[in-house]
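K.L.:
The ATP binding site annotation in TrEMBL covers G456, G457, E458, G459, S460, G461, K462, T463. The domain 'Thymidylate kinase-like' annotation in TrEMBL covers 454-641. For 12-33, 45-69, 138-160, 180-198, 229-251, 263-283, 295-313, 319-343, 363-384, 396-415, the entry in TrEMBL reads transmembrane segment.
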Amino acid sequence: MLANAPFRRLWTAMSVCSLGDWLNILALTALAGNLTKGDYRTQSLAIGGVFIAKMLPAVLLGPLAGAFADRFDRRVTMVAADLSRFAVVLSIPLVGSYQWIIIATVLVECVNLFWVPAKDATVPNLVPKDQLESANQLNLLVTYGSAPIAALLFAVLSVAADLMRNLVPFLSGMDPTAPALILNAVAYLVSAALIFTLRDIPRRDGAISTPSVLRQIVDGWRFVGGNRLVRGLIIGMLGAFAAGGAVVGVAKIYVEALGGGDAAYGVVFGAVFVGMALGMFFGLRFLRELSRRRLFGLAITLAGLVLAAIAVVHNLAIVVMLTVLLGACAGIAWIIGYTLIGLEVEDAMRGRTFSFLQSTARVTLLLVVAAANPLAALVGAHVFTLGDLTYQFDGSNLVLLVGGVLAVAVGILALRHMDDRKGVSLSEDLLAAVRGERFQPESAERMPGLFVAFEGGEGSGKTTQSRLLAIWLRDQGYDVVQTREPGSTKVGMRLRAILLDAAEKGLSARSEALLYAADRAEHVEKVIRPALQRGAIVVTDRYVDSSLAYQGAGRELDPEDVSKVNAWATGGLVPHLTVLIDTPPEIGLTRLGGAADRIEAEPLAFHERVRKEFRALAAAAPDRYVVVDGTLPSDQLSRAIQDRVREILPDPVPYESEDATGTMPAIRD
Ligand SMILES: Nc1ncnc2c1ncn2[C@@H]1O[C@H](COP(=O)(O)OP(=O)(O)OP(=O)(O)O)[C@@H](O)[C@H]1O
Ligand SMILES: Cc1cn([C@H]2C[C@H](O)[C@@H](COP(=O)(O)O)O2)c(=O)[nH]c1=O
């Protein structure tokens, strides 16, 4: 991307501005704290005021400014905005009053409302369409990646300012935040110079009007609120965001209560972002065997516990380390949330889901930060004495504690809401993942055979492919049991007749789920488990996922209930591999001949929900699934499936010894 010279120039300007923006937050909140030092309540309110002044213009005036920005030449808009920001920020250390901090903050944020849409609208002018996603990723990288750099810079500048104040008498009255604010102003000036020389920006083309934040939230919820998984993801991500917001909001007064100055504030602020980066890059590698959905809920719960620990520990060094851990948990939750939304939300809805998330994240942050400091001010500073022991508990401690408890609650909610391994112990699952293994429930692990399930919608090609796989495996000399659901046992055949009889109109959704589970219980006990115990490879056409997709998503039963009933029916037996043949229902349904059975006759929306759920199940545990495109020709599908199955096949007995062994059991290590 950066080989593209005009984009590189704009990106450099954005990076410099991002660095300036983060320095701005740190320096202004620190300056507000320094100017109101002495009274805990006034100081908390003063810092809270800065956060509110920073966020309110975007919430109130965002769409208005976006519409205005459409009318002007974008390059001129950005250069003028940068020069204005330079002048206003430079004036803050010169004036040095709290009132001016608030006025200047509002002015800078109002100017930002022109700069940001002009920049957003310029990116597509400078990069080809197919590279737009990479360009946006790079933008995101500098937006958040510059935060720890700014925090480090702020800490260094604060220490340097303290030294200068002591060494140079002329500077003794200077606030330690002044160098950071001057550097912040210079960053905007550099950006103005870079953009001024960027001649490739067209004056303007078309509208870039932004709907109001409230409108985006209401519209977005209409789209995403109906999807249980997305709902869980968004609640969890906002919980993680709120936990981070609580730390950022009260960090200045909290650090001061621990005896730290501006440099320590910068370090704690930066620790959140360093932790986030570590979590995003290493967290998933460390626990790669754990189900993504479980990891998501666990990361938020742990973030809450860490936040609660931060609230009660009174040691700055430990607080910094805990803050890195908190950031790591939040980073893991964000990256999983973003990835799962990317994988599981349909193309048409994905953009809205992300924009809904971003708008709600902004509002959540505003509410958390706006509430955090006044709440801290309300509680005030308290010292408790018990004999020789004294313990200080301030409003900031309470805010962090409340944030921690809320994050734990949200994490547990997300775990319950989205768990895709019901019936499998969480602690055993986690311990196995720490060892780098995937925990298999005992019943499946003890058996020497191999269990492969085929899943997919109507006419997706499961029967065809499961047969072809069984033939291929038998050719290799394995003992293969090819079976299907429903209807592979005596009782199952009767159940199948009831379940698929189109005349059976009045069957309730719950009875349907129980009948499928009953067929499955019989199937596992009479066919699958005995075959696995003797070391055979079992290939089944449909298994538990079909109930999660058809009865859970299709009939809209509580997926937790469907999962529990099936975990009980199967004794927790999970396939080693599930092959999902992903075929759009409008194609699959037209492949079927004859009269439609009771389930095939359901409307298209039902089958679309089923497909979506199958894809979501596969995305949540990528190691245990292979997803193939069912619209490909049959032979290509077979080859792709064979390639994946080959990876988990136990070594077959050599061909030479075939005569001596007869049917070969597929003994797993
Ligand atoms: N890859 C493919 N491309 C085109 N047609 C296919 C493909 N695979 C299978 N078919 C055809 O589609 C029809 C349904 O295939 P199959 O019975 O294997 O699907 P299924 O998923 O088992 O269906 P059901 O949901 O009814 O169990 C058959 O006529 C089959 O020949
Ligand atoms: C196992 C299982 C199946 N179904 C549905 C899905 C299909 O419409 C039929 C089975 O027919 P097939 O031609 O054998 O694929 O039953 C379900 O709704 N729930 C289940 O658990």
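A Cβ is built for glycine as well, from the same backbone N, Cα and C atoms used for every other residue.
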K.L.:
Note down the number of other Cβ atoms within 10 Å of the Cβ of G461 (ATP binding site), including every protein chain shown.
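P.N.:
There are 22 such Cβ atoms around G461 (ATP binding site).
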K.L.:
S460 (ATP binding site) has how many other Cβ neighbours within 10 Å of its own Cβ?
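P.N.:
Counting Cβ neighbours of S460 (ATP binding site) within 10 Å gives 27.
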K.L.:
If we count other C-beta atoms within 10 Å, could you say which of the binding-site residues G456, G457, G459 has the fewest?
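P.N.:
With the binding-site residues G456, G457, G459, fewest surrounding Cβ atoms within 10 Å: G459.
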K.L.:
Among G457, E458, G461, K462, which binding-site residues lie by ligand 1, judged by Cβ under 6 Å to any atom?
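P.N.:
Within range of ligand 1: E458, G461, K462.
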K.L.:
Far apart in sequence but close in space: which same-chain residues, 6 or more away, have a Cβ under 8 Å from T463 (ATP binding site)?
P.N.:
R484, D541
K.L.:
Give the helix, strand or coil assignment DSSP yields for G456 (ATP binding site).
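P.N.:
G456 (ATP binding site) sits in a strand per DSSP.
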K.L.:
Excluding G456, G457, E458, G459, S460, G461, K462, T463 themselves, which residues in that chain have a Cβ inside 8 Å of the centre of the Cβ atoms defining the ATP site?
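P.N.:
Near the ATP site, beyond G456, G457, E458, G459, S460, G461, K462, T463, sit I581, T583, G588, R591, G630.
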K.L.:
Residues with Cβ closer than 8 Å to the Cβ of E458 (ATP binding site), same chain and 6+ apart in sequence?
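P.N.:
The list for E458 (ATP binding site) reads P585, G588, L589, L592, I599, E600, H607, given in order along the sequence.
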K.L.:
If I restrict to non-local contacts, at least six residues apart, and a C-beta distance under 8 angstroms, what lies near K462 (ATP binding site) in its own chain?
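P.N.:
Correct list: F454, E455, G456, D541, R542, I581.
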K.L.:
Does DSSP put G461 (ATP binding site) in a helix, in a strand, or in coil?
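P.N.:
In the DSSP reduction, G461 (ATP binding site) maps to coil.
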K.L.:
Using Cβ atoms and a strict cutoff of less than 8 Å, what residues sit near the transmembrane segment (180-198) while being 6 or more residues removed from its termini?
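P.N.:
Distant Cβ neighbours of the transmembrane segment (180-198) are 6, 9-10, 12-14, 16-17, 19-20, 23-24, 26-28, 31, 75, 78-79, 82-83, 85-87, 89-90, 92-93, 153-154, 157-158.
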K.L.:
Please determine whether the transmembrane segment (295-313) and the transmembrane segment (229-251) are in contact (criterion: at least three Cβ-Cβ distances under 8 Å, sequence separation 6 or more).
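P.N.:
In contact, yes.
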K.L.:
Per the 3+ Cβ pairs under 8 Å rule, pairs at least 6 apart in sequence, do the transmembrane segment (138-160) and the transmembrane segment (363-384) touch?
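P.N.:
No, since the transmembrane segment (138-160) and the transmembrane segment (363-384) share fewer than 3 Cβ pairs closer than 8 Å, they do not count as touching.
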K.L.:
So what pLDDT does the domain 'Thymidylate kinase-like' (454-641) average out to?
P.N.:
94
